[in-house]
Every structure is written in structure tokens, then in C-alpha cells.
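Colleague: Found this in TrEMBL, in case it helps:
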DOMAIN    64-111  domain 'F-box'
REPEAT    154-193  repeat 'WD'
REPEAT    232-273  repeat 'WD'
Amino acid sequence: METGKFFHNLMERKDFETWLDNISVTFLSLTDLQKNETLDHLISLSGAVQLRHLSNNLETLLKRDFLKLLPLELSFYLLKWLDPQTLLTCCLVSKQWNKVISACTEVWQTACKNLGWQIDDSVQDALHWKKVYLKAILRMKQLEDHEAFETSSLIGHSARVYALYYKDGLLCTGSDDLSAKLWDVSTGQCVYGIQTHTCAAVKFDEQKLVTGSFDNTVACWEWSSGARTQHFRGHTGAVFSVDYNDELDILVSGSADFTVKVWALSAGTCLNTLTGHTEWVTKVVLQKCKVKSLLHSPGDYILLSADKYEIKIWPIGREINCKCLKTLSVSEDRSICLQPRLHFDGKYIVCSSALGLYQWDFASYDILRVIKTPEIANLALLGFGDVFALLFDNRYLYIMDLRTENLISRWPLPEYRKSKRGSSFLAGEASWLNGLDGHNDTGLVFATSMPDHSIHLVLWKEHG
């Protein structure tokens, strides 16, 4: 009996399939309007079970996986309109979506640029850029949460540390204990220690150390032996800043006697004394020009000297005589003082004052912009780049996004030793100021001398 029922149902199924085939042929021959009327009629005859079935299937039929169906170029074009956070969420939809989105190099490169990241366009590995972005947002969140740095100390001097200079992972310190020390910042170990005079300024390379002193002289020392190889005498006031160039065989020094002196580095003789300052010369910078103007060309060597109110620009070459090309100031009546920190990269001059940061275009000497931070007065300049600036006051170290002029991060500072002439604190690694790249956010950020004669270091925290 059961077998007979089975065959009966089977025959009904065959009849149904025949009927369905016939009705399908008829349905396909109808116009769109007739098809719609037919569907409306069938829906009106349907019960709850049929309507629920229809609803469930329509939702699936109407969905289209456009990333899977579209050509890759069109998918990439659509993805460009989505923000990175939405894209990361989309990566969770399916393996196919994750694969397509991760392969969209331009999207992730743009996202990195928007965070202030440096982009090496030669790297074409698409997955690389998504990883860089993920690394970038973690670092930027650390900055926003004020958790990107850590601190350390260097201990070894027995008197006031006034002079600091940093280069390639090494920090030089000059002290009133008549010594200069060279430290490996990554290990905290002292590499060299030599006996000197009282140091107001230091600069070094692999072979030598140049010091400006409160005893009114400049000296050149050999690291390996500690021997003084040259002594530059002639200033009648403390020497607060020194710079030199081996290619030109020139050393320059700025002094409390209101002058800048140009010396033959190897011979120790004074080539010229530059006058015109009416205050202590607290900063000298010797740099190649990178822009063309009526007064200089790219490749020319330029000397900048700064005092409390003015920045003077001098042409420097193998000739002995030079005249001031231009004097820059922020107030004609000398009512506004410049702070003794100066940035010059061959294209722009930047200096801070009580009114804010001033940026001059070196080609025209025009002020490009004044960056004011009304919520924080007297921010001092430490470093200035294409994307970020490093600033500080009595309590905090700050990072400013120069594209928005907003302070995006801060880090607390201890009660460091104050100095009107600004030599006892400095910025460390500087390349990240032109944009982070996932590799240059390492090493020293800031160093300052402390009342207990130690050196306080602020370092990038490892990514983790």
C-alpha cells in the first residue's frame, strides 16, 4: 500500500514539473508589465507560508557581491570613496573582500599619507601598505593617548651640563666639570670621555669634537686620544654656538661679545669677524642653500646668526670677506624677543617667539606663516619638518601637526635646568618630522640636562 502511494506521488511530481515547464515558457514570453501583473496575482493568492518563503529568497536574490562581480579597476575606484576604518570592517565580510581590499595599494597609501606618513612609492606590494597603515594607526593612537614615549637617564657628570649635541644615535654632553662625554643613546653607555674646558656649545663627528666655551675660546679635540688639536682665540665673550664644515675648512662661532667669527678649521686662524649684532649671538648655523633668489643660488653655503631680536644671513664661501645679505626680525621696535632655537634646512627659516612660530621662505625672505597657539604661551621650537613640529614649554613636550596646526600629542617633562640661551636641551632624531614611515620612530626624541647633572632622555617606545 505504501509502495502504491509513493508511485502516486511520483506521478503527481512529474505532472507538476511538466506543468511548471509549460507555465515557465509562457511566463518568459510575456511583457514586463504582464509578468508584474502575473506576480501580483500569485502573491494575492499566497498564504503566510508562501509569503515568508518569498521574502527570504528575495533578500538573497537582490544582494550582489559587487567586489566579486566588478572588474578589479572598478572595485578599486569604489573603494577609494570609503574611509580606512570602514574598509577594515569590509575586510571581515569574506575572504574575497579581504583579498580585494588588501590589494588596493592606492587606498592604503592615501590613508597613510593622511596620517602624516612618508610613502615610498617604489614599494608595490599591496599587502605591505595595509600593514603599514595598521602600524601607523597604532602609533598615532599612542601619540594621541600620550603613550608613544618612554624616559631614561644618563649619569656620569659631576657638575652642570650645559652643552648638548646629537647625531646618528650618539649624544655629546659638555659640562662645567671640564669634560665632554659621548654617549650611545640606545645602550646608555659612555663611548668616550675627554678632559676639556667649560663647554657652552659642542659639535662632533667620528674623529673630532669642537667646543665653544665660557672661557671665550673655541677648541677642537680628538676623540681617540683626547688631545686638543686646535685652539681658536679671539672672542672677548663666552662662545654660545659653533658650527663647521670640513669641505670648506671653515668653523663659525657666535659669542656674547656680539660678534660672529669665521675661522680656518685646520689652521686655527681667524678669517673674518662679522659685526652688526647688538645682543649676544646665541646661535650660528652653516648650511647649503637649496633655493634660488637674487642673492644666492642652490648649493651656496649660507651662515645664519641669531641674537635676542634678529636673525642675520651671510654668504659663506672660500672668500674671506662677506656682507650681511638680510636681517630678519618679528618686531621693528624690538618689543618681541626671539627664542634661542633656530631651524634652517636651506629652504625655510623657522624661529619661535612670544607671538608664535615664524616661518620665512628663504628664496624671498617673506614670512610664510605665523603659527599661534593661544592656549599655550611661549612654546619653544625644537624641531620643524614638512609634517610635524616638536615644541616644548616648562611642563610638556608637544607634537604639532603642521597641516592643521593642532597639537596632537604631549609628554610630561621633569623640572629640567632652565637656560635663556637654549643650549641645554635639544631634539633627537629629526627625519620623522617630515613624516613617520614605521622605521624612523625610534631612538631619541628629546634630551635635557637636569639640576642633579644627569641627562633626561625622552625616547620612542617600541611598537610592540
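Start at 1 and count along the chain as shown; that gives each residue its number.
Cβ atoms here come from the backbone N, Cα and C positions, even for glycine.
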Colleague: On the 0 to 100 scale, where does the mean pLDDT of the repeat 'WD' (232-273) fall?
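Modeller: A mean pLDDT of 95 is what the model gives the repeat 'WD' (232-273).
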Colleague: Where else in the chain does the repeat 'WD' (154-193) make close Cβ contacts, counting only residues six or more beyond its ends and a cut-off under 8 Å?
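Modeller: 199-205, 209, 211-212, 221, 223, 417, 419, 423-428, 443-444, 447-450, 453-455, 457, 459.
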Colleague: With DSSP, how much of the domain 'F-box' (64-111) is helix, how much strand and how much coil, in residues?
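Modeller: Residue counts for the domain 'F-box' (64-111) by secondary structure: 34 helix, 0 strand, 14 coil.
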